[in-house]
């Protein structure tokens, strides 16, 4: 118990609790997970807010992310500068968004960012191709992939500009029956 | 912690679901269709286990424990001359010998009313269990079907976003296990393929005549093959009977040919049907259905022809029996035994067969058993000695059924091994040394044929149901068979089958299989029931020997073992007095429930429609938002060229200007050809203006342009709020509460409008003023949208509304100021025209303000832009969302049933019609004001020119529309049209 007190200042913990959907206990647990990833990098004392980043290679090797085809995108989206290296804040943020308590709007927003591979604010055909190939591990032929992309655009593209904007995406994904249950990482 | 515990419990539970992992694995590799087969198999397995427990616990075990031991009675003893051959493989194979006299078959069970010390009523139990098997099957089937249909109702397939969901919601982010990830990937690939296939099926174009012909041909072929197979089976059964009668010793083939032929037919015919189905070119799912139905008919035909043949045999047996009875009685008379009287016979017979057999009260069995016994003693002929056992037709039927089942199993195994496994091996290892590619050409790997396999299960289950009454151990045997099949099949599927090339979705809650099973159950029950009711139980064997009918056991029990009052009560209950009303009541109940179900279905459908509507409205709304945003972007981009145009106009001749502007229009606002054509056509009215004003155009124009745009921008927010206010007002009855979510519910509003408008338009001019603001509302709404779009954030809505609410009070201010502005320099005319330069919102505002104030002097210009305004709004949607809007003309011609955006048009028209009366009055004033302005100051006129030129990009295409709409309007109100044209002319004239 004493350990907890030393890792974070009280205010820090409060702030984390305000910013995430986690309880104090979960935050501590996440911190230890984070610390476990790179014990030599992450200090056990966070009261002074050290500027530490855990590289993507370590983040991506977490069992929760290891088999996810979009792990790189997830890490990139949640990291500050888009390179996948995460600070503790980013880390908490990621699991907070992925937690069960996060509202679906937020989830949809981040899902959009994850699927937007080239970060241009739209899911274009190329992004879709990336998504599909990653999802199927390249088992579909190119024609099939392009057909799927075409159909997806056809279905969800409300303004027919050949790409999905955030509104299109939200409109579509918020109706999906199992989006909430699948877009969710338990930790 | 609790959740964790629950999860653990769930995990634990999964272990106990048989074959769950196996099925999941298959599902991930082969898709839901194949998995549905295995799930079905597992479910059947469950049913059979219950049936086994029922028969085992209530019939077999009591008989084994408490019944007379083997060899104690005639019906439980193998005849002496058969003992020798009882162990032969041949005999065992045909289920003769010891097997025939075992608990496997009906004949073994004793006929004592009570057995053991507890007095277990075995015959009653036998009958009741036989019925309970059917009852249970029915109940469980119906229950399952109801559940499934409930499920399928709950998960209504939503075809709106199939692909999107399959792509974006496919990955389960919880997966943290490489194997699971692999399975998931396979499953996703499968599901995407399924979706692609569905899509392709939708697209497939068909040549109707050819398909119909092919289908007719295919159906004829199917019917022929069905008839052929039925005839074949009947022929075989017939032949085997004749053979049996003519020959004593039958070869192995002759004994088993019935079962073999039946199995062969059931194996080969489905493949033939499959080939035939390829002719028909249905959707794969329909093909599957057809295939299943045909195969089911085939199986049923087979089973029925078999059972009819068997019953025929039973019939002939009973006639033979009757004949022998006559014979024997005649013989009794003629021989020394005949001298004995009946009581003597009884005395003589009781020690014979009866070791511990209680005295039988019925006389008939005694009589036949005696001659039989004497015959066997006398051993006159083998035919006669065989008779007592052979006459046990129930055993015979049970034997046939079991035999069929066994041979079916063998054939299944053989076909799996041969067709799948060895073919797989052959293809796999010989493909390198073969002259063509074995893997992709002829033999290929076997595909898992869902239809045939499911049907095979159904058929199998049908046999079980049919034979269960005559052979209580059949369910138990079937359990074993199903277990074996499960392992063999899943192994074969995983090792040597390839996924079906055409993957398609067979939902897990597939009621079709169950419906078939139910059908099968019903049809299999019929012959059994028929046999039970129609035929007299055989005399020498089985629990019902000696009764006239099998169901007599029930009435007998009721009579003897229950108190008298119960018997009389049952008598009353079963009398027509009670039965008829009960049946009627049932009918009524069924009808009632049926009608309720129908109405529920209807309401369900309507609700679904509603959802669909709301959804499509939402979709449109999103599209609209985006369009509005794009429009603003275009406008701003248009402004730049405009300015540059103005700059260029400084030096260039004025005649060039409209053209260049026109090209800007064409490039920017609308690329539709018609728009361009009409631009050319409609440019004439304003061009005189420009021609006149242009000489003095340059300087003030450029100078004025910018600030006005600025004002314009500043004002937009306010006007938007004003618009919202209008909207609010127009919708105020009941809608005010919705204000916070106005935007969300906007489509509904609009629809309301649409519905409200037509009736209002009827009265025409009388309702002018109230209609004006209302018709404004939706347009304002778009402005709002645009406003919001400029700050691209979806979460902005509430804030904006908040702002608008806040500004709602201020609306009066801008309006009044605006009016002040527009009023004050009115005689100068230039500000009025400068208003033209401002884009939509302000113009709307002006119009609105014009209305109550009736600024007649201004009518000419704003009226102009009434059309413009609405059109420029609707134009971009048109070319952006052309999909929605393909029929621009149609939407004009038939405004009442126009699609998404069309609703704006009536409003604009409306608006114009609303504008008309004031204009009529205002017309005289327009002329003076314009002329006045023209003559008053060159600067002002230049302003005008400037303004009008500036407006071209937006106006010109829309003017065309305006003209059209005016024409439309004119059709309804010819007078106003004339007025309009006159007005236009006036305008031109005044300018000139």
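Including glycine, each Cβ sits where the backbone N, Cα and C put it.
Unlike curated entries, TrEMBL annotations are predicted automatically.
When the ranges B:343-364, B:365-386, B:387-408 are checked against TrEMBL, the one recorded as region 'Disordered' is B:343-364. Among the ranges B:820-842, B:843-865, B:866-888, the one that TrEMBL lists as region 'Disordered' is B:820-842. Your range for transmembrane segment, going by TrEMBL and the list B:167-188, B:189-210, B:321-342, B:409-430, is B:409-430. Range annotated as transmembrane segment by TrEMBL, chosen from B:92-110, B:434-452, B:491-509: B:92-110. Your range for transmembrane segment, going by TrEMBL and the list B:216-237, B:546-567, is B:216-237.
When Cβ-Cβ distances below 8 Å are used as the criterion, the transmembrane segment (B:569-593) is approached by residues 558 of the same chain, each at least six residues removed from its ends. Scored on C-beta pairs under 8 angstroms, the neighbour of the transmembrane segment (B:512-533) with the top count among B:35-61, B:216-237, B:258-279, B:291-311, B:409-430 is B:291-311. Between the transmembrane segment (B:409-430) and the transmembrane segment (B:35-61), fewer than three CB pairs separated by 6 or more residues in sequence fall under 8 Å, so the two stretches do not touch. Here the transmembrane segment (B:291-311) sits apart from the transmembrane segment (B:122-142); fewer than 3 CB pairs are under 8 Å, leaving out pairs fewer than 6 apart in sequence. Same-chain residues lying 6+ beyond the ends of the transmembrane segment (B:462-480) with a Cβ under 8 Å from its Cβ atoms: 45, 48-49, 51-52, 54-56, 59-60, 103-106, 126, 129-130, 133-134, 137, 299-300, 303, 307, 394-395, 397-402, 404-406, 408, 520-521, 523-525, 527-528, 532.
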